[in-house]
Structure formats: structure tokens, C-alpha cells
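One structure below.
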Amino acid sequence: MAATGDGEVNEAVKNEAMEAKEEEAAEVKNEAVEAKEGSARSHVTNEMGQTLNTETGREYETNAAGQKINKMKKRKVALYIGYYGAAYQGMQRNPGAHTIEDVLEKAIHEAGGISDNNFGELQKISWMRAARTDKGVSAACNVVSLKMVLEPEGIVERINEKLPDDVRVFGYFRVTNGFCARKMCDRRRYGYVLPLWALDPSHPVRGNKRQKTSEGSGPGGATTGEETGRAREEEILERFNRILKEYEGTHNFHSFTKGKAWNEPQAQRYILNWKTETFELNGETYVKCEVLGQSFLYHQIRKMIGLALAISRNIAPESVLGLALASRKKFNVPVAPEFPLYLEECVFNSYNKKHGHLHGDLSRDRFVDTINDFKRTTIDRNIVESEEFNDDVSTWLRGLKDELYQFSKWEAIHAEFSGNGKKSPEETREAPPKEA
């Protein structure tokens, strides 16, 4: 049996290597054919009235911007973009909604990257986003795959000229024709911004008027107070980070989303890492929480933050986190506010390993300075300087009560639920087919 298993593994590796070679050969062949066809044509006006390029012999047509473009130069690309999502109803196009994709497609069309014939029909250009962010959620770096006209040079600059200030294109990579940003994204990293005081169980929440956690009083003077405050902040942050670490690994997150039963395979998610760090802005200390995972369920990250805050502020016992991940009972987990959440990065490790030698590895590193500048000046600053930020966090924390979520009863509810063999409403539904 062991020998058979080894043979199957070796065969799978062999097949994968053959597929990679075939795709590479096809890619090289396509580019060679296009180059040959281009150089074979003469520089005249053809019977359809199209002007032929005097250098390459390729046909030109006029785009929406009135520029002559090479219609044969439509290429599959991975477009790296960023946006501040407060004014948008999500990333994905939705009839009647103001979305990032609507704004981005319009700008690319006006810049000459999408022809009139293809405008408004994303499927014609194989458009797909790596991550679908929800209403109000931002992205320091998301990736869209599409077939785009790249000539004349300067397409990125022309697109950005047509975009509002809260949406930016950082650049693009050429990719294989079969590349799909959603399917080939191995990992996604999200960030969530919180004021440090929100983690402190001793900190009162009264509207948006707060006392700083670093304030000291009594004998010892200001220096002693500041040192005590810093030690307290470190203690709070260390505990919060420890709570978030409990989410790492493979768990059942059916209580952290909508419409998923405990017995559905789709409720299983793998979290690689949680980490936190602080930054200062306008005299305030903020906490950036980052989570790296393969994929996330609807509301999953906001619910993970919400429950961690309930534990950090001593509104819920630490045991509830393990119960929410292990119990078949679907618990009412609090959902943290949406607009401090943003997509930090999309990772394509498997694609890079298989196809990176063709056009280069897909990585935000090529645009990292521009991305960080946009994140700092547009996302982070807009989040923390927004009048709604402290109000929303404070209002949400005032509603974070045991009477509403019954954290203190979760253990008894779990024991009763498990002992009686009860099923949740979701489990009584017919289980959906497994994902392909």
C-alpha cells in the first residue's frame, strides 16, 4: 500500500511539472506568433480604414480617449490597486450600488485600457478581483486580473488621472492567460485599526470624550505617571495579542459568519497568523491588528475582533473564544465596526512558484513605497481622523454588554446543547455540496 501511495504522489508531481512546461511553451508560442504577425504587415491604410503601425505593421484603432491604440496589444495583467472604502458599497459590482469596480472600470476605459465594445461587460475581459471587500472596507493593496490594452505607454498614469483621490492604481504585472486573481490568491492579509484605549477594561466609555490610559496621578510626579501608563499599555496590548493568537490554526468559524452550519465544510478556515503593533498619530496611540489567512468568511474578521474586544475589556470570560470555535451551538458573536477594516495584501505563492519565471513574481514589493504612502495618507489618516471613528467605536463599545450577548451563559448553553444532541437551525437544512 505504501508503494502505491508513493507512486501516486510521484505521478501527481510529474503531471504538475508537465502542465507547467506545457503552459510555459504555449505562452512563449503565443508571443512569438503575435510578433511574427505584427512584423509581416505593411504600413498602409487597409480597406477598413484602419491605420497600420509603420514600425510593427499592427493595426490601430481609436480608443475612448481619442488615442490610437494597438488592438492586438490586449494582454492579461494583474492590476495592483488601493482604495479608501468609506464612500463605496463594496468592491464588487452590484446593480444600483456605488462600487470600486464601477469607478475603476470607467477610468480604465477612459484611459484607453478597455475598448468601447468591451466596456460594461467585465466577463469579456476576464475581470476578477482577488478579494471582495464589503461596504465601507478599504484596501491598501487588492489585485484585479483582466485583459487590458497597454499601449500607448503610460496607461497607469492615464488611469489615475481619471480616478478619484480615494482610489489608486499602483501598477501591473503581465501574467499567463489562465491567471485568475481570485482562484490563484493563496493568502490574504487584512488589517484592523483600533484606538488603544478601546482595549482597556478600566477605561470608561462616555461618548467620544475619553481619558487617556497613560494619565497618572498621585505622588511621584509626571514621569512616574508616564512610566506607569506605558507599562499598563504594554500589558493591555500583550493580553490582546494573546487572545488573537487563539484564532490561529484550522477552526470551525460557523459562529463568526452568517448562514453557515457547524457541519458545513465551508465553515472551516485556516488562520496562519495574528499580530499587533502600535502607531502614534496626533498624540493618540492606535493599534493595528493584522491577520493572515487563506480566505475569510463574511463578517469573520470583524467578529473575531469583536469577541477579542469583549474578552479584553472583561465583558466576556476568556473561555468563550474556545467555545465559539469548538461548539456545534451557533453563538451570537459581536460584529465590530466595518470601516477600520482594510485589505493589506494578496499573496500568490503557488502561482509564483509555477509561473514566476515567465513575467516575474507577483508581489506588492515592486510598488511598496507608493502603497505605504497611500495607506498612510489616505487609509490610516482618514480612518483615525474621521469624526465617526471614535464615535462609532465608543457607541459600539457601549452596546457590548453581557445582557445582550449572554457571554456568562455560553458554557452552560454549550453543555446543554451538546448533552441533548440538539441541532442548530442551520444544521437542519440540507447540507450544500462541497466546494470544488
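Note: Cβ is positioned from N, Cα and C throughout, glycine not excepted.
Any TrEMBL annotation is an automated prediction that lacks curation.
Annotation source TrEMBL lists region 'Disordered' at 1-45 (among others).
According to TrEMBL, the compositional bias 'Basic and acidic residues' annotation covers 11-20 (among others).
TrEMBL lists 26-40 (among others) with the feature compositional bias 'Basic and acidic residues'.
Same-chain residues at least 6 positions away in sequence with a Cβ under 8 Å from that of Asp134 (active site, nucleophile) are, in sequence order, Gly90, Met91, Tyr298, Glu338. If you look up TrEMBL, you'll see Asp134 marked as active site, nucleophile.
Here Tyr190 (substrate binding site) comes close to Glu290, Val291, Phe296, Ile301, Leu341, Tyr342, Leu343, Glu344: these same-chain residues lie at least six apart in sequence, with C-beta atoms under 8 angstroms from its C-beta. Under the heading substrate binding site, TrEMBL lists Tyr190.
Positions annotated as region 'Disordered' by TrEMBL: 204-231 (among others).
When averaged over the domain 'Pseudouridine synthase I TruA alpha/beta' (244-349), pLDDT in the model lands at 95. Here TrEMBL flags 244-349 as domain 'Pseudouridine synthase I TruA alpha/beta'.
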*asked:* Treating G and I as helix alongside H, and B as strand alongside E, what does DSSP give for the domain 'Pseudouridine synthase I TruA alpha/beta' (244-349) in helix, strand and coil?
replied: 30 helix, 35 strand, 41 coil
_Under DSSP, is Tyr190 (substrate binding site) part of a helix or a strand, or is it coil?_
strand
